[in-house]
Every structure is written in C-alpha cells, then in structure tokens.
Amino acid sequence: MKKLSARRRHPLAALVVLLLALACTGGLYAAFAPASKAQADETAQSLAIDEGKKLYAVGCASCHGTGGQGTTDGPSLVGVGAAAVDFQVGTGRMPAQQPGAQVPRKKVIYSQAEIDQLAAYIASLGAGPAVPTKEQYGPQGADIANGGALFRNNCAQCHNFTGKGGALTHGKYAPGLEGVDPKHIYEAMQTGPQNMPSFPDQTLSEQNKKDIIAYLNAVNGEDTESPGGLSLGGLGPVSEGLFAWLFGLGGLIVVAVWVAARTAKAKKS
Amino acid sequence: MSSHQIPEENLPAEQEAPHGAVRVADEENPFADPGLPPHEPRVQDIDERAAKRSERTVALLFTVSMLATVGFIASFVTIPHDKSIFVFPLGHLNAMNFALGLTLGVALFTIGAGAVHWARTLMSDEEIADERHPIEASPEVRAKVHADFKQGAKESVIGRRKLIRNTMLGALTLVPLSGVVLLRDLGPLPGTKLRHTMWSKGKLLVNMNTNQPIRPSDVVVGSLSFAMPEGMSEHDENFQSEIAKAALMIVRLQPGDIKDKRELEWSHEGIVAYSKICTHVGCPISLYEQQTHHALCPCHQSTFDLSDGARVIFGPAGHALPQLRIGVNDEGYLEALGDFDEPVGPAFWERG
Amino acid sequence: MSTAPSTEARSRGKSPAGERVADWADGRLGIYSLAKANMRKIFPDHWSFMLGEVCMYSFIIIILTGVYLTLFFHPSMNEVTYHGSYVPMQGQLMSEAYASTLDISFDIRGGLLIRQIHHWAALIFLAGMFVHMMRVFFTGAFRKPREVNWLFGFLLFVLGMFTGFTGYSLPDDLLSGTGVRFTQGAILSVPIVGTYISMFLFGGEFPGHDFVARFYSIHILLLPGIMLGLMVAHLILVFYHKHTQFAGPGKTNKNVVGMPLMPVYMAKAGGFFFLVFGVIAAIAGIVTINPIWGIGPYRPDQVGTGAQPDWYMGFAEGLVRAMPGWEVNFWGHTLVLGVFIPLVVFGLFLAVIALYPFIESWVTGDKREHHILDRPRNAPTRTAVGVAWITGYLITLIGGGNDIVATHFHLSINAVTWFVRIGFFLGPVLAFVVTKRICLGLQRRDKEKVLHGREAGIIKRLPHGEFIEVHEPLSQEQLHTLTAHEQYRPVEIGPTVDENGVERKPAVTEKLRAKMSNAYFGEDSQIPKPTVEEYKEITSGHGHH
C-alpha cells in the first residue's frame, strides 16, 4: 500500500508527466496548427476525417463495425462524439486488448494527431459531445470547495472521497483518478465511458465540471500535501488497520522482545 | 457446573508427585526438576570497563532525549504551522507535524531505551524465586468468615422481620425506575415518522447540482442525477434528517429495457426515480452501472437492478428500493405524483 | 500511643528527606505495608507478558491525548460555515464538530499530532488487547484462579471496541457518519424495540442534532470511566495472583521466578511506557490517520466508496456484508433477519471466547490453581478451538474489507463475498483439524527428543558401513521442561449401578461431559508424554551413541 502512494511521488513521475504534457502539447499543436491556417480549414477537416476513417478501418472496425454501427463485440459509435473517442483512445482503453469485466487503462498507442483524426471521423458519423477546450477544464475561475461538495455528491460513491477508486460489481471497478489528464476527466463526465453514468451539462454544468476537476487537483494532484504524513494509499481504515498491526503493534512487540530478553552472559572460561 | 456427580477416581490424573515440589534429579526420576540454574555473570558484572560503557550509553540516551525535547520546543516555536515540506519516501507533508512527531518520539523513546538498557546491563539480573500462596483462604478463616456473616445476619434480624426485608426489596427495586423514566425525553416516539418523506404530489424534482428543476430532456439515457424536493434548502433546520429520507436518484432507461411493469408505469418516458437510501441499513446507494443498470451500495454491496423494479440481486438488503412515482407538470418539469408508497431506508419492526 | 516514641525517634533522626516524606505518608496512608508486599514483587521475563503493558500504556496515552483534544473539540452538530485554513473546505456548511476537528488539524499547533497519536494509540490499544487475549488463551493462563480476570480483560476489549467506535464518530465526517448510519440501521432491525431505541438514541430521526454530543459523553466519560475501573481491578488481580510463568528448571506451580519490581521492573516497565509512547508519537509524526479533511462533512445522502469502520469493528462489518438479505413479513411486522442475525452472531461470537474458560474447566473438572503456563501444543483441543475462532474472526475481517480486497487483488467483489460466506463456516473447521494435527505432531517430536535426544547434525559412519546421525541426550533442564506438563485422562461416565445395587441413569450433562472430555483428552487428542520407564529402557544398556 505504501508503494501505491509512493508511485506518484516517484522521482520519475515528474518526468513521465512532463513527457505526457509535451506529447499533449505537441498533439494539440498538430491538431490546431492546420486549423489556424484559415483557408485550408474545411479541406483539413475533411482530410482528417479521411485519415481517421483509414485508421478506424484498421484498428476499430473489427469490433465496432465498418461504419461504426457496432457489432456483438462492440457498441455503436454513431453519436458518441469526439470526446468519447478522445477519452477512450487517449487513455489507452481503446483499442481493447482482451474481453474482461472492464477494459483497463493502458499505454496509449495512437499519437494525439491520430486520435484527433479518429475523433473527427466518429464525430462525422453523428453529433455528439466535442473534445473540451482548455478553458473548460482549466483551473481559472474554479471553486475548489464547491467542487468538493459536487464530487462528494456525484463521484465519491464510486471513486472514493479523494478519487482513489473503488470496487463495483463482478470485478468491475471505478478507477483511481490520480494522474489522469483533466481533459480526460472532463470527457469521462461528459460521455460516461463503459459503466460510468454520464453527467451531461444539463445536470452537471460546465462550471460544475470545472470545479470538480479543480478539487481533484487540490486533493489528489501531483503536489497535494498529505499533512499528517504518509497517506497509506488514502484507502482509509483498512490500510490504517493493517499498518497499526504490522508496524504499530509489530514494532512494539519487537521492542518488547528486546526489553524482556536476557542480557548476554559473559563467556565461561 | 460442579463435578459432584462424578466419582473421584474419574477426575483427571494428578501429577504423581505433589504438584510443584522441587525435587533433585536422580536415578529414580531423570525428568525431575533440577532447580534454578546457577546465576551466571554478565560482562558488565565482571568487567568494570564494560559497565562503564553501559553507563555511558544510558547517559547518552538520556542526553539525546533532552536534546530532542529542546528540538520539540524549537520546532513548535519556529516552524510556521502551515509549512509544507517534501520528505523523500513520505511525500509532501506538514513540516510541523513531522518535526513535532519525530522529536517527541525520540525524546520519549530514548528515555525508555535508557531505562531498559540500565536495567538490562547494570541492575542485578539474578533471578529470584518468590513463594506463591493459595488464593483461597484456609479452612479456619473460611469457617470464621461464615460464622461472622451468620452472626451479623442474625443480629440484623432480617431473617425474622420479613416485613422489613420485603418492603426494602420493593423500595430498592422501584427506585431505579425514576432513572429510567428520566430517560424518556431522550427522543420522541417513532410514530409514523419513518413512513413519510418531504415528497408529495406536485413537488418538483430539483437537481442537487444546479438547484434547478429538471426537464425530461435534461435526463439522457446512461446519465445519473440526484434530486431533492423543491423548497428544501441546505440551511433548513431539519435538512439533514429530511434529506436522509428524501434523497432521490434519477436515471433514464430505454423504455424497452424496463422489465418491471409497475416501474414502467411509475416512470416518465423511461425516466425512473428511486430512493437513494439503501433498504439495508441506509447508506446512500448510487454506484450506478449504466450498462448493466445495477446500483451497488458501497457499504455492504447490496446490488439492485434498476431496470427490474430495483429488486435486490445480491447482498444483504431485504427488499427493493422504493420508487417515486413521477410525471411532468404543465411547465414541462418533472414532478412527484405523491410520496413514496412505502417507508424508505432500512427495514424496521413496524414496517410490515 | 505506645509506638509514638519510636515514630518520634524515626523522624527526628538524620534520615534523608525522602525517607521522612515516606514516613509521613505511611503514618497516614499505611504505604509501608503495601510496599512490603509489592516493592520486591517478582515478575517473570517473557516478551509475551508485556503485551498487556502495551495495552495499558496505550490506554494511558489515549487518556492523556484525549484530555488535550477535549480542550479544542466542540461536540456540537450546529451548522457553521468553515473559514479555517484548509482551502478545499472553505465556505462549506458543516457541523461545529467537523469544523473544530479541522481546526485541531490545521490551526492548532501540534493539534494534528495529538489527534494522530490519539487515533493510532487507539488502533494499537485494540490490537494489543486482541493479541494479549490470545496469548492468555493459548497458554491457558485463564485457568483458576484467573477466570475473573479473564472476564475483566474481555470486557475491556469489548468496551474498547465501543469506545473506539463512539470516538471515531465524533468528527462527524462523511466516513464516520456512514458508520453511525449503519449502526442506526442495525438498531432499527431489532424486533419490537428497534425504532424506539433509535429515536431515543438520536433524539428523533437520523441524524438529528444530538448524537455527537451524546456520543461525546459516552466516549469521554461513561465508557473510559468503566474501563479505567476495570483496568485497575485487572492490575490489582495480576499483582494479587502473581504472574504466571512457563515451565522450566526451578519453576513450579508454587513459586514465581523472575526479577523484582524494584528496581528491575520499575526500570523495564517504566521504560517500556516511554518506548510505547515514543513509537506511537513517531508513527503519528510520519503516517497520517483518518484524514477527515479529505473525507468531507457528513451528509446522509452522500457516501464514499471504501466505507469501512476501524479494524476492530471490521469483523462485525464482515458479518453484515456476508449475510444474505433475509426479511420476513408477517401480521404487519417485519423481521429484518438480514441485519439482526449478524447483530446476534456478533454477540455470540464474542461470547464464545469469553465463556471458553468456564467450558474447559467444566470439561476437565479441575479445581486446582494453575500458575504454570501450557505450551499451546500440549493442549491441542484448546489450541485448535482458539485457532478456529481466530480463523472465523479473520475471514469476517476480510469480508469487512471485501471491496478493498477486490480492487487490490483484482477479484470480483461478489466472489470475495461468497468466499466469506462459505469460509466463515468451513474455515474454522479446517483450521481446527489442521491445528490439532500440528499440535499432535509437535508433541510427538517433543517425545522423540526426550527419548532419543537432539539431532546433533553429525553423521557418523559405523564400522560396518552404516551411516547414522548422532543424537545428543538432552540436558536435565530440557528433559524437565519437556515433560513438566500435565496430561488429563478422559472422564468416564460413572458406574450405572450405585453401591446399593440401584440402577442410576447418568444425567445428560454427565454424558456430554464424558464425550467432550474424550474429545479433549482421548487417544486421538494427545500423545502420552514419555514416562520415566520408557526413558530408562531406551537410555540404559544399548549405548547407541
């Protein structure tokens, strides 16, 4: 359990985040750079859709059907929107590797540019939520405390008080939220991936989502302080009880053995 | 529980020899107790230099304790109470808590370590045998106590004056009742409080995130939202007790997916409203899996199938989640068509 | 008055100040006769005898830190808006209890440390009591004359659980509030009086405005008061009975061998207090416990997953989680078996271990005092019962954290629950059988060692080529230690015809006792310890080694 919490404090964690951030920025740049060239806008868009269609045919069609209509192996993608694609592919969940209770988060195998192309193609199949912009999930103007209240009302029941994750039925689980890109958190709330229910803007407004993301960053972010010391994975009484037994009572028993042990006798000679 | 029915010879075997007697081992009995082994000296007992080393160790430990206490006070005075530091394997933590904990820990631990080291190396370690005496009194004492008691009881005449005895017992039995009566005002009688909630006909469903009434179009398939009755506010005197009964969980299913007939009737275009309070022991249950339509309770894992009248499909809950009958008012907002028709939350004796 | 001159002489002399103070106190309190009996009291040395001290010291630590916490904690459920220094809570509505706990954690210097010491010490206190109780159980230290003290200890454990629970609920945070809600739901399940008890305890409907204040007086006054009294009684009895000891050379049922209280145990036990306090303080400085700021204020319509109680309530939680949802409706009433049965089993499960000493003493019919401890292997049935009990306890404990187990070992929560459901019945039986086998095996090995000596690890080649391992005979001390235990013979049903030739029908209890006695001490339940004759026959003449 120590490991778990230590992992995000790992010296390499910062590096990983940095690389991720670089990759994201690069990807965003790649996505937006052509768009800024005004004239080529529409052409670029249709180009992206074409590219996305090719990628789709290779990587996705076997489960989701050639036109995104869905098969027995995968749901229909018509109308899921670009946000869903960006979330699923951007967190490595798609393409799925093997059937199981739940598709886990994995290494991302597509570049952000490719993901955007895929997203553009899927979005062209039917209207759905678009990929949020940085203004939507960024920290500016967010109310952390209100985000906490919203998080406890809408999210904590599955993801734990501070987003450490938890169990669902039959091997499914709500994943931990540490180290998840704010964009992906936003998209998850918007689209409701897998068994997670969606929280559309009508019932959880854009501002609400922003607040929640800011709260998560405050209590479960990279530099979140754990004032009392080692957080034991933030799992609550189970890990605390284990620690009390192993290191608390265990340590005291070691001390007791020393207190009660016989002092070494002088060698008989 | 006594053994008087069982003849003596069937009782467990006693040790052949009187229990616990110290005997010298001999040819007759190689298992006999050889007695306490002779005391062997420690290094410190025979080597003054070793003893000196021990003394210095103990003194050093006590000195470390003093220094740690000074460190504790210094930390308390100098460290800003909201300062955060990064300590390698532990992460970001409060500097003052860390400093105070460690200095206090060291200050206390070294006192203990010093005392124990002192006892272990410098105090006599010769083992001493102390005699035990039976806990029960000798027959004479026993007889004396019994006689004294009888004498006392006789002098009190309690055996003869039955009227005194009986009225005294009566008085002593009754007097604690006043204490019990005094506890009456700890709380009200249950009445029908557990049967009613704030919901009633025409009350709008108010989204708890946005504090706005909900339109059917706001609730999409696969989404999850929570509602409270209109007119309720977090600042209300009884908000906590009321929301503990009124909390509502709203999901939308494809009408074709709804297996329970009544559920379909009480829904609006596939929008169903269920009590958020688990029927097991009352945890808020809202771990909704949108693909399976299962709702799981995080406390004891009761699982309810929201597409089938919220019946229990796993876990310790004894009955389905109560459903609130909903409709749409003239302005197009979701409203309740009445209170829950059964008590929400945990079951109880009078529930029926 | 006849002693006056001597007293005068004693205090007027040039005796040191300390002695004069002691004389003064003795004249009023009679401390000398107390000291005479106790100052050089002998305590045997063994690490497991210090487990009780771990408990006592952590209890003292809890009281000390608890008093500090009462200075800052506001046991009130009045609603306030938070304006303290913890940013993610600013502006939130919460009870005064929760707000003052945040203040203790963030705005009072050292408050967080004391809070964490208090909570860590509580977890260690309960864990210590559990292990201490098991030590007493497995060594048979509960036998006459210590049965009453066993019950005192048991009561301390149970009261400790409830004191812990009420204290844990005080901050009125979302996690502990969920635990209180569970308690209220469980109370509601009690037939006939459940709703009344609930209304009276909470001053109306849950959560109401009263429970923090009520739990507060229970937590800081009622329960600790009783516990303090019990603990003092427990200690007095330990002094009065004198400590038990393991068998060994010079150690008999009529003596106690060890070091005197003054000075060795003054230093060791006194020092141990500081060691325990030091370890707990250091833990509280390094490791966080119950970070209520991350959990949020209690709202009965909110919850977080991973909702568990502190470990000592975990087995009750496990019983509730594993129970199927049985509910019976009849004549307008509901019997909530799904909650009520675990509630009853919770009590029965604890009662089993509390009453065990009386069951065992009834089976053995033994009325003697026992001051020499059993090695667990030498009481196979008792040891097996104990291990079976612990197994049941552990399995339900796992059930209490089934969601954490599921996520961390990538299992289905339903599978874990089914494991607990089956394991609760099967596990103890298996544990019983296996433990008994192991005990008998160890007894056989002891017997082997006594009769044939210790394996020396030296291989010898005999003139005709055979290899043998040399066995060294045991020393007198070892021989004694390994054969010092008593072995009971199974009780039989007495003659069915009495001395007058009248037929007597053995009572049911008598038959039951004979049966149980046979299960305890029959041929399959213990290995007869080596006799002197066996030993002599093997060691004499053959000259094998």
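A Cβ is built for glycine as well, from the same backbone N, Cα and C atoms used for every other residue.
Curation does not apply to TrEMBL; its annotations are automatic.
Annotated signal peptide per TrEMBL: A:1-30, in sequence order.
Over the domain 'Cytochrome c' (A:47-126), the average per-residue pLDDT in this prediction is 87. Taken from TrEMBL, the feature domain 'Cytochrome c' covers A:47-126 (among others).
Counted within 10 Å of its Cβ, the other Cβ atoms near A:His64 (heme c 1 binding site) come to 23, all protein chains included. In this structure, A:His64 (heme c 1 binding site) is part of a helix by DSSP. Residues or ranges marked as heme c 1 binding site in TrEMBL: A:Cys60, A:Cys63, A:His64.
The annotation domain 'Cytochrome c' is assigned in TrEMBL to A:142-220 (among others).
Annotation source TrEMBL lists heme c 2 binding site at A:Cys155, A:Cys158, A:His159. In this structure, A:Cys155 (heme c 2 binding site) belongs to neither helix nor strand by DSSP; it is coil.
The annotation transmembrane segment is assigned in TrEMBL to A:242-261.
Counted within 10 Å of its Cβ, the other Cβ atoms near A:Cys63 (heme c 1 binding site) come to 16, all protein chains included.
Excluding A:Cys60, A:Cys63, A:His64 themselves, the residues of that chain whose CB lies within 8 A of the CB mean position for the heme c 1 site are, in sequence, A:Tyr56, A:Gly59, A:Ala61, A:Ser62, A:Gly65, A:Gly68, A:Thr71, A:Asp73, A:Gly74, A:Leu77, A:Met94, A:Pro95. Proximity to chain B, taken as a Cβ less than 8 Å from one of its Cβ atoms, holds for A:Cys158 among the binding-site residues A:Cys63, A:His64, A:Cys155, A:Cys158, A:His159. In sequence order, A:Gly68, A:Gly74, A:Leu77, A:Met94, A:Pro95, A:Leu118 are the residues of the chain that are 6 or more apart from A:Cys60 (heme c 1 binding site) and have a CB within less than 8 Å of its CB.
Between the CA atoms of A:Cys158 (heme c 2 binding site) and A:His64 (heme c 1 binding site) there is a gap of 28 Å. Cα to Cα, A:Cys155 (heme c 2 binding site) and A:Cys63 (heme c 1 binding site) are separated by 30 Å.
A:His159 (heme c 2 binding site) sits 28 Å from A:His64 (heme c 1 binding site), taking the C-alpha atoms as the reference points.
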